[in-house]
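Notes for the one structure printed next.
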Amino acid sequence: MSQANSTVGTKRIERCFAALKSQNRPALVSFLTAGDPDPETSQRLLDGLPEAGVDIIELGMPFSDPMADGPAIQKAALRALAAGQTQAKTLAMVKRFRETNRDTPIVLMGYYNPIYRYGVERFLKDAADAGVDGLIVVDIPPEHDDELCTPAARYGIDFIRLATPTTDAKRLPRVLESASGFIYYVSVAGVTGVGAPTPEKLERAVAELKQHTSLPVGVGFGIRTPEQAATIGCFSDAVVVGSALVERIEHAKTPDEAVAGVHGLAKELAQSVRRCREAVTVEGE
Amino acid sequence: MNQPVNPALALPDANGLFGQFGGRFVAETLMPLILSLQEEYESAKQDADFQRELAYFQSDYVGRPSPLYFAERLTEHFGGAKIYLKREELNHTGAHKINNCIGQVLLAKRMGKKRIIAETGAGMHGVATATVAARFGLECVIYMGSTDIERQQPNVFRMKLLGAEVIPVTSGTGTLKDAMNEALRDWVTNIDDTFYIIGTVAGPHPYPAMVRDFQAVIGHETRRQMEEKEGRLPDSLIACIGGGSNAMGLFHPFLSDESVHMVGVEAGGKGVATGQHAASLNGGAPGVLHGNRTFLLQDEDGQIIDAHSISAGLDYPGIGPEHAWLHEQGRVEYVSATDDEALEAFQICCREEGIIPALETAHALAEVAKRAPTLPKDHLMVVNLSGRGDKDMMSVAHYLGDKFQ
C-alpha cells in the first residue's frame, strides 16, 4: 500500500471537486493519449495542462484495439504505440508531472489488457507511487469488480464508473455500488468523439443520476467546443473534452504547433466553464 | 492430456466464466443488451416453439443432417486410422457457419430487432449472416477487413448479391480482429434496433455458450451417425480452430466420454517459432479482448499482435474461452499446422476424395496426415470438414504459383 504523493485525509479528486463547488463552477477534464505524438511532446502537453486551466487530467493508456473509441482517439493510440509508448512509460510520465504538480488529479483511462498483462497488483502499486488518482477502464463492468476495482481501493485509487444512456433504473444501482471519485456520464450511446448530445436530454439524465448518488457527475463523449462545454457545465459537475483536443495533435505539423493547439483550446474551454454559471445567474436576475 | 471433463460442471457459470476464462468484459453501454440477450436466450432454450422452428430451418433450409462420410481413399492413402469426414461443407452456404446464424437470427426476430451486423474474416460467416438476414427480411451490415476483402473477393460479391452492405475496415491491420472492433463500435452506436451475430465461440457471455450450443448439432449428429455405422463412439475427433466454433460444435457433446481423444488444430502460419502465426494457445498468453478473457497473441505490454495465416478464417489473435479452459484442463490436445502443411493436405483431399476443402479445414486435414498413418486400422477418426474451398481458388493458385500453371 502506498501513501506516497497522496495527502493524508482527503483524496485529490475529492478535494478538487470540493474546491470547485465553493467557486460554483464545473471542472474542466481533458483527455489526451499518453505518448501521443511522441514521448517528449506528450510530456510537454501534460505538464502544461493545469496552467491552461484544466482541473482534472485524463491520460489515455494506448491500446492496439480501442473498441470504445472513435477515429480520433484510435489514431492517437496508434501514433503513441508507433512512437514506442508502454505502460511503464505512461506511469513514468505521471511521476515526472508530479515532481512539479501535487494538486491536479490524474485519471488513467484505457482498456484492461495492458493492465492485466502488466500485472494488476504491480500496476496498482506503481500507479499509486507515480501519483495516479483514479482509473477509468472501459471494458470492466461492475460484474468483474474483483478484477481491478476492489483491489484499486486498497491502493487509494478511485475507480470511476461510466453510466450511459442504456443504464436504466434497474441497472443503475449496480453501476453506482462500487463507484468512487466521480461518475462519468457517457452522453451518447456510441464511441468517443462521434455524435453530439442534446443538452435537454442530458440535463434530465444528469439530474436523474444525482438523485441516486452523492458523487460528482461529469459528462463526456462528443463535447468539442467551448459553447457546448458551457451549456453542459451549467448542470453537471465536470465536462470532459477528448477527441477535439486530440485532433489538434493530429493536425499539427510540428510538436510546437501541437502543444500550442492543445493548450490553446484548453484555455478557451477553461474560460468558458469558468463563466458558464455566471452567465446563467445574470440572465436569471 | 485428454482428461475427461465432468459434465455436471455445466459451464459457463452465471458470470459466463469457464474457470478463469470467458466473462463479460464490455463497455457499460453494452451491458444491458448483453444481459437481455442472455435472458432471451435462456427462455428460447426452454421454448418448444423456438426449438421446433430451429429444427425446421436446420433440416429444410440448411440441409441437415450433414453426412458422416467414410473417406475410403484418404484412409487408404494414409494407411492407418479409418477416416470419416463430417460433411459440414455440404450445408447451405458451404460451411458450418450457418448452423449458428440460423439460431441467432431466430433470436433476433424474437427480440424484434430489425438490423443485423456481423464481422467476417474469410467471408463464410458474412455470407451465412447475409443469407439468413435475406431470408428473414432484415437489414444487414457486414464488417470485413480491407486485407481480407482483397483475398476473398468471391465471398464479398456473394454478400452483396444477398443484399448485405459490406463495409471495409481499414483500421488496425484490416483483418478479422479489426472487423470485430468495428462491429462492436457499430453495436454500441445502434443499440436499439441492432442484433450482433458473432460468428464464433468468442465475445462476451452469452455468445461463447450460445454459439457452441447452436454448433453442437455437429457433434450430436456425429455421435448418432457413428453409432449407426460402427456401433460405437469414435476414437478421435479432429477440427481446425480460429475462434473455434466448428471444433467446439464437434467436441462438446463428447467432452465427458473418456475414450474420445480430441485434437484442435491452430493455424501455425509460417511456423509458431517465427512469430508469424495464429496459434493463440500454442504461442499466446492469457489476456482480455473482445469481451472475454482467453489466450491472445500479444506483446510484453499487452498490445495485440497481428495473426498470420494463409487462411483468412483462422487469422484471429484469440480463441474461444472454452477452448482456453479445455486446454488448461488438458481435455483437448491443441496442436498447429503451418501454411505449407495445410496446402499439402488441401491438395491430397482434392485428389484423393474429389472434395475441395476450405483452407481453414485443410489445417485439420494436415493433422490427419501426421496422425492417421501412426494409428491402427480400427481407430475411428472423425474430421470436421467445416467448409468448402471454392472461395480459396485465387489464394491457392497464388500460393502454388508455377506448380499450378
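Keep in mind that glycine also has a Cβ here, set from the backbone N, Cα and C atoms.
Keep in mind that TrEMBL annotations are predicted by a computer and have not been checked by a curator.
All protein chains shown were included, and the count of other CB atoms within 10 Å of the CB of A:Glu58 (active site, proton acceptor) stands at 25. Residues or ranges marked as active site, proton acceptor in TrEMBL: A:Glu58 (among others).
For the recorded site, A:Asp69 (active site, proton acceptor), the DSSP three-state label reads coil. Taken from TrEMBL, the feature active site, proton acceptor covers A:Asp69 (among others).
DSSP classifies A:Glu58 (active site, proton acceptor) as strand under the three-state reduction. When the Cα atoms are compared, A:Asp69 (active site, proton acceptor) and A:Glu58 (active site, proton acceptor) turn out to be 14 Å apart. Of all Cβ atoms in the protein chains displayed, 27 besides its own lie within 10 Å of the Cβ of A:Asp69 (active site, proton acceptor).
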